[in-house]
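Colleague: Got a structure for you, questions after.
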Amino acid sequence: MLENRVKTKQIFIGGVAIGGDAPISTQSMTFSKTADIESTKNQIDRLKLAGADLVRVAVSNEKDALALKELKKVSPLPLIADIHFHYKFALIAAQSVDAIRINPGNIGSKDKIKAVVDACKEKNIPIRIGVNAGSLEKQFDQKYGPTPKGMVESALYNAKLLEDLDFTDFKISLKASDVMRTIEAYRMLRPLVIYPFHLGVTEAGNLFSSSIKSAMALGGLLMEGIGDTMRVSITGELENEIKVARAILRHSGRLKEGINWISCPTCGRIEANLVDMASKVEKRLSHIKTPLDISVMGCVVNALGEAKHADMAIAFGNRSGLIIKEGKVIHKLAEKDLFETFVIEVENLAKEREKSLKD
């Protein structure tokens, strides 16, 4: 685990700590109409099962705002209300939810922001100042355009507004739709404030596009010690946002959990359908949370070398294959018996490791 993380002020969203020494949390956003409590609850349940720590819901009208009271009662995750344009919806939402997200570029005047702050103070809930490059306040957009400098100036201006109202329980996000502006904005602001950062690339595209952008931007920032909570925005299935976010946390050294998959890119030596087999193995073992390095190889040439560094490896040969545990061959089996035996061995190893950690 990396030890270079920037220490920030800690806030709480429900029972989830954000900032300080707290683990970096993941979140997503439901796409149902929030007033449809059954559908929204179903999506929150899916996110909980996928490993999300927090959930955000859109509050587009008064009906959505009023539904939050009942939704909060059934939500298994802390609830963040996402408010644009209509500050009065934030006043209603603050009575029920665990946090409020506002976009200072469209929420309105200082008086409206003060009203939101007062409501959050009363309920002791935090705010996210959500700055987006595409919707900066007029004074910053005209002076700087949708640039990192413009985003940072907006964030500083709004942080000062909240501080002047004697309110410091907030986090900040600086989102653009491309990697470089996102990284530069967060880097620029980090030494200027003590508040926790919510990381994200906004409107990042489909699964492929978003995974690349988010891995580069968020992974890069995380490895620099920047970031306290995050969302990977994907045009697609909710669960993928959490799956990709947790993978980024693992591979940037911020989360020690789950399997690190090692598999070869295939070549003329492979003697099995490695693409299907690697996918099948990963799906079958996706429930494992124990940190393990697992190797799936299409021939013994690569496998014997890679297996020296893997906790468990499988190597396919001509209608047969090897299972290798911690560098030693423990099974040579016919192809038809390889898969199930390998799954059992990995699950047993995970149990052994968990037991040793508890002991």
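Sequential numbering from 1, following the chain as shown.
Just so you know, glycine gets a Cβ as well, placed from its N, Cα and C.
Feature annotation from Swiss-Prot assigns [4Fe-4S] cluster binding site to Cys264, Cys267, Cys299, Glu306; the stated evidence is sequence analysis.
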Colleague: Name the residue among the binding-site residues Cys264, Cys267, Cys299 whose Cβ has the smallest number of other Cβ atoms within 10 Å.
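Modeller: Least crowded of the binding-site residues Cys264, Cys267, Cys299, by Cβ count within 10 Å, is Cys267.
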Colleague: Let me know how many other Cβ atoms fall within 10 Å of the Cβ of Glu306 ([4Fe-4S] cluster binding site).
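Modeller: For Glu306 ([4Fe-4S] cluster binding site), the 10 Å Cβ neighbour count is 19.
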Colleague: When DSSP is mapped onto helix/strand/coil, what comes out for Glu306 ([4Fe-4S] cluster binding site)?
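Modeller: It is helical.
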